[in-house]
Amino acid sequence: MDLYCSFIRISNHVKMSTFILLTLCFYVALSDRSPEYALTKVTEAEDDGNVEAIVENEPDPEDQEIFYPTREWQVVKPGQAVPAGLHMRLNLQTGKNEAKLLEEKEGKDRPKQKRKSSTTSDKYTKKELKEALTKFKEGAEQLSPAEEKDYLQDIKQRFRPIEDLQKAFNDLNINVETDFEIMTKIVNRFNSSSSTTEKVSALYDLEYYVHQVDNAQNLLKLGALQLLINSLNSTDTLLIENSAFVIGSALSSNPKVQIEAFEAGALQKLLVILAADQEVSVKKKTLYALSSMLRQFPYAQQRFMKLGGLQILKNFFKEKNAESLYIRVITLLYDMIMEKMLLYKENNTEQYEQKYQQYNQINLLESITEQGWCPIISDLLRLPENDSREKVLKAVLTLIPLCRAEFLKDCNLLTLLNSLRKEYEGLAAEELRSGEQDGYFSEILSLTISITDKLK
């Protein structure tokens, strides 16, 4: 009986042990399947009640959804696959896991190691490079005429001629239009339309193309330049404004088109618009066209002076709400003055004699002083924009030889120069502290000092 009881007790112990063992196995298997118990490498940190950690998760190919991190904290949904190396925290207020990308200071060591390991394999010594070049040359020299012929034939087979490609496009009903063909369609659209809106739209499209020298000269072949010049006579301000805009873009740094436009009477029409009572937006585009015609074109500058162009520009300073035109006018006059000065310094260019004679007939500086431009220009130093001040300072410095007496009479000018000097001394000092040598503000300060010294 005692033996039987002992057997029963032993059997119960075995059953209990077996049950405990099976329970532990089931628990381990369950925790291994759950992402919440996945092995992680955690660095704990405290941050105002939030528990933060840097986590590197093992990738799980069975995950249905991937977490895409940003620089901001985002909630990590249950079951999402989280990339390695993110900043993780448990938000104690919401009870949810959040993650974001590491800051640069936290993750900068790891990228450095990667860059170091990735670049070492790409380094070659000078000796290795020389040997590679020598072998390359030797290999090229060893090609026989037959091998070279085969090589060229292989190249031809790989790449198709442009004619074949165009034929293929034509077979597919795909027409690759040239700029000339596109411009032809635009001009036809402008010419055939009676709607101002459609005409302005065509001019807008045309202006995009005429910036290129060849396309601008295509206007001559199409007869479109004369069409644009005739549009300057329109009573529609939108048509005038956009026509002048296209003309200005076409004339810019394009001598051939400049000459054609001049001979077609564009200069006179532009001056008429600028002298009339027009909106500032119209005058701005017209002044752009005038500037494009006059630059590097001394014969047009002569005609401009004879037609009273300088006086027309001076009248802008009497108009209301025309401040946006002031600096454009001063910039144009300064450029015209500098063209003549630079020509005298560079007397070794071709056609120098012809240009010298043409520029010598332009008395722009004398006309500026005679027509009372000196105080008008110096007064523009009151403008707040640094770019405007720089352009005015350059003009004032250039005009000192002829405007010196009037500048000295203007007590406000000297006070203004001293104020500008103090302002730009501070700005230039900040540039130097930031390690910038010969910066923008230092240049403006230098101009201010030069003018002040020359007026003493």
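Just so you know, the numbers here start at 1 and follow the chain as drawn.
In case you wondered, yes, glycine gets a Cβ from its N, Cα and C as well.
Per Swiss-Prot, the feature N-linked glycosylation site maps to N191, N233, N347, N386; the stated evidence is sequence analysis. Summarising the annotation, Swiss-Prot assigns region 'Disordered' to 102-124. Annotation comment: Swiss-Prot describes 1-31 as signal peptide, evidence class sequence analysis.
Sequence features, as recorded in Swiss-Prot, placed on the structure.
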residue : record                      : DSSP class
N191    : N-linked glycosylation site : helix
N233    : N-linked glycosylation site : coil
N386    : N-linked glycosylation site : helix
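For N191 (N-linked glycosylation site), the number of other Cβ atoms no farther than 10 Å from its own Cβ, over all displayed protein chains, is 13. In this view, N233 (N-linked glycosylation site) is surrounded by 12 other Cβ atoms within 10 Å of its Cβ, with every protein chain counted. Cα separation, N191 (N-linked glycosylation site) to N233 (N-linked glycosylation site), rounded: 15 Å. Counting only same-chain residues six or more apart in sequence, the Cβ atoms lying under 8 angstroms from the Cβ of N386 (N-linked glycosylation site) belong to Y440, F441, I444.
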